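Q: One structure is given below, represented as structure tokens, and several questions about it will come after.
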Amino acid sequence: MKDDTQAMLVISIFIVAKLVVSGKHIPTTLEGPFDPVTIRFDPSLRRGSDDIPMDDPRLKKNVTSMFPEQIALALSTPSSIWVSWVTGDAQVGPNVTALDPTSVASEVWYGKESGNYTSKGRGKATVYSQLYPFEGLLNYTSAIIHHVRIDGLEPETKYYYKCGDSSLPAMSEEHVFETLPLPAQNSYPRRIAVIGDLGLTRNSSTTIDHLTKNDPSLVLMVGDMTYANQYLTTGGKGVPCFSCAFPDAPIRETYQPRWDGWGRFMEPLISRVPMMVIEGNHEIEPQAAGITFKSYLARFAFPAEESGSNSNFYYSFDAGGVHFVMLGAYVDYNSTGAQYAWLKEDLRKVDRTVTPWLVAAWHPPWYNSYSSHYQEFECMRQEMEELLYQYGVDIVFSGHVHAYERMNRVYNYTLDACGPIYITVGDGGNIEKVDVDHADDPGKCPSEGDNIPEIGGVCHLNFSSGPAKGNFCWGRQPEWSAFRESSFGHGMLEVLNSTYALWTWHRNQDVYKEDNPGDQIYIVRQPELCTPSAPGSTETEHGAQGSAAVSAKCSSILLFFILAFVVYVTVSV
């Protein structure tokens, strides 16, 4: 406890010193809940942009034969990492023949010195097909996709690696990555990028360039990656009316080469920085015989088995002192299902003395005040929210809505000092453009028959109490919505210690402006107030919210101003 107090004092002094020196006030969640703020779409900006064509240099294949491309990293355990890549050539046409994944080896050579590879790892390879037995639609079979897990890695250490097949020989150029710190109370990744609904447009390019410039050590991708399922219509503009051109095809064709282009587009970043993904609705990609999610399941490596999950649609992992829970909105999330049972057990095993921060992510937001996707996943919220609340989840990231929104701490649509901070970052830059309409704008409330999820039930509700009582939509920006803005961008989470984390959202249009965030706040955990509890406990057991909350908040503010005065005097002298 003494060490924790000292650590909090040090970080508090650091924060106050930063504010005094910069002259800028960065709010903390201790000052909340905040009055709702809306920054409306700037009409001088374009709401969207065209897809990047397949012959663009960032999307074209630039290796020959069986040499690796689309190289990517993903976390496995604190001492291991996944390396993935693609070799060979994909096929597109009415008749395709799958490649033999055993025809080329999956090897990774790695070591702590450039050119000196002291360890080797071997893994598995796979191929997948996207088939459409309908006249005019083109089938696809992938190149060979490799996944190798390399083990025995030391924390916070730089490793150099090559991947490929040394017998051909066909090894990649040397790449480098740095491992994350081990799970510990005051040991965290330097900077975690959060992005959703990226796509492959000119705006996507700006987003990734901006994100790369901000130098993350981990990337969290909250679904809807390529929008390959829209390229032949909205993106490539080949078929403006799909049902008109193909009246006998019950399935819309997904242009799978966009996945290969996206892998090349992302490689400069994710060949050196691990990226953790979760599925979105644009990854469903239905094909013949009701098969779905083939690209998602084949192209990415997941720590599902490592985290006790039997599905790549939901899993967890540790990144220093942060435990991440990645949930699937497009598989069964009911309280009687496998995902819920896994989640309950995963949360039960979390040791908050080792990983104090608990962060959850999935694609469609539960709290959303935009017209787009309003209350779309209310069923999922009703099934799972109580469990996340009882175990004290600190932050929730989602995408799906193509705009930015940060909530006040909320639980069951009610302001709650112990609820998570929900953040929507579905603003990566995709072809579907920025969402600009709010459900509380006059005439913009969707009907209760709108926003039907592709998978799962419908549980739209009229509010039974509070400012929206008796209504489906709020008449003004909801009190749980602290800040919303219709712009493309990305977020960065910098966890400073077991109590403080700095969240920054960057607009794309500010890419050339130094230190000019669109939204910034210190998210502060209050474990002394909000002690996680087992399911079935009362709200009082979860954390007193009356005088105790006021007392804690006042004490924190008093400490803040005392420290500010001390630092100000010190700097002045």
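Glycine is treated like the rest: Cβ placed from N, Cα and C.
The annotation domain 'Purple acid phosphatase N-terminal' is assigned in TrEMBL to 68-179. Feature annotation from TrEMBL assigns domain 'Calcineurin-like phosphoesterase' to 191-404. The domain 'Purple acid phosphatase C-terminal' annotation in TrEMBL covers 474-510. Annotation source TrEMBL lists signal peptide at 1-23.
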Q: For the domain 'Calcineurin-like phosphoesterase' (191-404), provide the mean pLDDT of the predicted model.
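A: A mean pLDDT of 96 is what the model gives the domain 'Calcineurin-like phosphoesterase' (191-404).
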Q: What are the DSSP helix/strand/coil residue counts across the domain 'Purple acid phosphatase C-terminal' (474-510)?
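A: Output for the domain 'Purple acid phosphatase C-terminal' (474-510) reads 3 helix, 20 strand, 14 coil.
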Q: Cβ under 8 Å, sequence separation of at least 6 from the ends of the domain 'Purple acid phosphatase C-terminal' (474-510): give me the contacting residues as numbers and ranges.
A: 4, 7-8, 11-12, 14-15, 26, 28, 32-34, 36-42, 45, 185-186, 188-195, 203, 206-207, 210-211, 214, 216, 320-322, 356-357, 359, 367, 369-370, 394-395, 397, 403-408, 410, 413-415, 421, 423, 425, 427-429, 434-436, 438-440, 463, 467-468, 516-525, 527
Q: List the helix, strand and coil residue totals of the domain 'Purple acid phosphatase N-terminal' (68-179) as derived from DSSP.
A: 3 helix, 60 strand, 49 coil
